[in-house]
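Below you'll find the structure, written out as structure tokens, and then a few comments.
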Amino acid sequence: MPGPVKLAVIPGDGIGPEVVAEAIKVLDAVTAQSATTFEKTWFSLGAARFLETGDVLTDADLASISAHDAILLGAVGGVPGDPRLKDANIERGLLLGLRFALDHYVNLRPTHVYPGVPSPLSNPGDVDFIVVREGTEGPYVGNGGAIRRGTGHEVANEVSVNTAFGVERVVRFAFAQAAQRRNKLTLVHKTNVLTFAGGMWQRIVNEVAAEFHGVSVDYLHVDAATIFLVTDPARFDVIVTDNLFGDILTDLAGAISGGIGLAASGNINPDGAFPSMFEPVHGSAPDIAGQQKADPTAAILSVALLLEHLGLTEEAAAVTSAVTADIAGRSSGARTTSEIGDAIAHALGAH
Ligand SMILES: NC(=O)C1=CN([C@@H]2O[C@H](COP(=O)(O)OP(=O)(O)OC[C@H]3O[C@@H](n4cnc5c(N)ncnc54)[C@H](O)[C@@H]3O)[C@@H](O)[C@H]2O)C=CC1
Ligand SMILES: CC(C)CC(=O)C(=O)O
Ligand SMILES: [Mg+2]
């Protein structure tokens, strides 16, 4: 990449700034000797900014963020119960605002059990799958409304939007991933009751499968998928699913693979028309915010995904291997957020 990589950094709320500080520490360490340099722009967006200015994501924010090569985000969402944030909906306005505006139609969430990690599974070594979650459609588009609000006769709708265009592109991406991995794709949906959306997802999977002869295709209802994620996770290679099911399944995937503090993700625009955005799977964790208790590993592994996405494969591998070694050496003694970041950055040559 000619010139420095322009990186937009959005620390966000709660533990977001704490884990992003460590992720940047690691990024700086791994790129210190690299031919590629990073030019960072910090965006102070989230609940605090909304409370100060009334803005969540302005057109100017969006234009400025779009002019970057990639985005690193911590987490957004304010203190639960703060009445001033009730109508702002930072999660929808900012996080989904970015994913939708930047056409992040692939939400890529790898799950891997690192050696030495305490997992509730009996055979965790076999776990290595990715969830390809659709990122711009489904029930998260805000296609809803309510009548007779606040009364005992209120009716509220939240309609899931699934377009053939949107489903086909993410399914095609998932098949291509499976073809580069272990050649197995599992569609997860709820076709037995969500017959319109589920039927279309299944039909499109069947159609695209005809182009990927080497990939075997499986189907699970989402409720059954939660069973097998716990009892037989080795059966999964690539899971493709909609926005809501993918959101839920990937918190579960984090839990079975050593904790949500290890789960990284990428919001990808595969066409390259917009910058892709990398973030931990977890949220702003108000219950531990400001206490240096958050595990920054998910944010650091999100940096590895970011580097990989930018084609900096050696740097990505160096971060992953430093994280792997750090995890393997973890004992029951708790370390602070910055102690974990320091140790990983140090392993990468930081002083
Ligand atoms: N991408 C984002 O910005 C996301 C934002 N959120 C928002 O975050 C806020 C809190 O959401 P929750 O549902 O509580 O989910 P959460 O992921 O923030 O927290 C769930 C549990 O996991 C723990 N946890 C999360 N990250 C951790 C880490 N790095 N290390 C150690 N423990 C960790 C928390 O302490 C909490 O007990 C809400 O406002 C929610 O909407 C939730 C998910 C994603
Ligand atoms: C806060 C939600 C909109 C996002 C979420 O939970 C996720 O993407 O995992
Ligand atoms: Mg989630």
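Numbers run from 1 along the shown chain.
A Cβ is built for glycine as well, from the same backbone N, Cα and C atoms used for every other residue.
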In TrEMBL, substrate binding by R99, R109, D223 extends, among R133, R148, R149, R182, to R133
Using CB atoms and a 10 A radius, I'd like the single residue among the binding-site residues D287, D295 with the highest neighbour count. D295
Sort out for me which one of R99, K293 has the most neighbouring CB atoms within 10 A, since those are the binding-site residues we care about. R99
In sequence order, what residues of the same chain, 6+ apart, have a Cβ less than 8 Å from the Cβ of D223 (substrate binding site)? K190
Please report the number of other Cβ atoms within 10 Å of the Cβ of Q291 (NAD(+) binding site). 12
Neighbour count check, CB within 10 A, over recorded positions R133, K190; minimum at K190
R109 (substrate binding site), number of other Cβ atoms within 10 Å: 25
For ligand 2, which among the binding-site residues R99, D247, A289 have a CB under 6 Å from it? D247
